[in-house]
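Undergrad: First the structure, which I've put down as structure tokens, then a few questions once you've had a look.
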Amino acid sequence: TAEVMSLSQAVGIIFGANIGTTITAQIIAFKITKYALLLIAIGFGMLFIGKTDRIKNYGGMLMGLGLIFFGMGVMSDGMNPLRTYPPFTDLMERMENPIFGILVSALFTGLVQSSSATTGIVITMASQGLISLPAGIALILGANIGTCITAALASIGKPREAVRASAVHILFNILGVVLWIALINWLADLVILISPAAEVGLSASDKLAAETPRQIANAHTIFNIVNTLVFLPFSGYFAKIAEKFIPDSAQVKDEASSQVVLATQYLNPDLLDTAAIAIEQAKLEVLRVAGEVRDMLAQIMPAFIDNDAQVASNILQADSLTDFLRQEIFSYLSKLAGERITVEQSDSTIELLHVTSDLKNIGDVIEKNLVALLERKAENNIKFSEEGRAELVEYHHRVLENYDAVILAFTEDDEILARSALASRSELIELEYAYRRSHYNRLSQNVELSINSSNIHLDLINYLRRINSYNESIVRTILGES
């Protein structure tokens, strides 16, 4: 959803997540409900007495786990009378039909939107001897289909990659269930063989209640592990199928005006609760601004050389996008600042705000100053002298080169790269002075082109120097000196 990873990467995560969910079943299969209140008490104490966030988080985890087991115990006790309730026992007998069991479980899981909840209920029923092992396996298979509904609902209104990831999840789970429908009895025999047996001397119903929960949990684990091993080599095909049936949405382009679309790519409000990821996403959006500004800076000098004022329209559009992105980044980060974040995350947020402002200042110099200068030069068909042109091109190249080094240091968050970029400051100052003196020498020699272009020539150097001062400001922000 947040476009943090590609679809191919998401496929592997989906496969792994299916295995991860089996841990829930394994935990529930342990009969530790008698320790539920103890877990709740310990978790409560850690949550409200703990002095650090880590202790409080662990306390919340233990308390939640205890509440789950306590709820399972209450539900188990409540189901005990169902053993002798004819309508319910008749329904459970119908679950012996795997197709019926899968459909009922898929529907129920879709309604509660939690396969773990369905799994917990199935294992709880098994602990009361209410269902057989094959019926329990069928219900578990159905839960794997029903959970896809949750993924499908979560992808509504989200980017195409999120919809495709949901489609991969659905395809993977359905194919996995289809693969195992005819093998339910074989799977039941396998888990009976590998699961621990109940104590000798129990009645048939008590033996069923004692053994079946762990057998169902093991069947669930085997089902997901085998599916992953079978389909993992074909993960690329899953991604291609999703991309084929869910193509990119058509982009409506106005060829006459070539208007840029004012929209963010990475600022997902859903991530504001996860500060670390939200900050990384905001940084990606800042790098979008950096890319737009870089394009503006790269285009401006060739336009000066060729007196090409048409470039101005491209620069104005890029500047409008950077204006929009700056506003959105500031708004996003201000919302993040209202959340509970660490000191380091607060510092990162401030750094992003500073860098965004400096990038926007560079864009403004190009859009407000350099474009106006370009239009004046083109309108009057003013040309630089050959030497002057070469010097301006070189100075612009060095400023652009320094800009690239600064953005690389920001991207990598690399202090060594930042100090290297900062070290070039004195070189650029010396180069600027040298080119000014060279221009003044041409004026003293009455070079006509230099005389005619003098004001524009010197203004252009001044604006490029100002841009480089913003480069330096970004570096100092990275180094924590601003």
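The backbone N, Cα and C atoms fix where each Cβ goes, and this holds for glycine too.
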Undergrad: Could you tell me which of the ranges 6-28, 190-212, 259-281, 397-419 is annotated in TrEMBL as transmembrane segment?
TA: 6-28
Undergrad: Do you know the DSSP helix, strand and coil residue counts for the domain 'PhoU' (287-367)?
TA: 72 helix, 0 strand, 9 coil
Undergrad: Within the same chain, where does the transmembrane segment (6-28) have neighbours whose Cβ lies under 8 angstroms from its own Cβ atoms, ignoring anything closer than 6 residues to its ends? I mean 6 or more beyond.
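TA: Distal contacts: 68-69, 72, 115-116, 119-120, 123-124, 140, 144, 161, 164-165, 168-169, 172-173, 213, 216-217, 220-221, 224-225, 227-228, 231-232, 235-236, 238-239, 242-243.
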Undergrad: Using Cβ atoms and a strict cutoff of less than 8 Å, what residues sit near the transmembrane segment (168-188) while being 6 or more residues removed from its termini?
TA: 7, 10-11, 14-15, 18, 98-99, 102, 133-134, 137-138, 141-142, 144-145, 147-148, 151-152, 215, 219, 222-224, 227, 230-231, 238-239, 241-242
Undergrad: Below 8 Å between Cβ atoms, which of the listed ranges 35-52, 58-78, 135-156 makes the most pairs with the transmembrane segment (99-123)?
TA: 135-156
Undergrad: With a Cβ cut-off under 8 Å, give me the same-chain residues at least six positions beyond the ends of the transmembrane segment (35-52) that come close to it.
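TA: Contacts of the transmembrane segment (35-52) (Cβ under 8 Å, skipping residues fewer than 6 from its ends): 58-70, 72-73.
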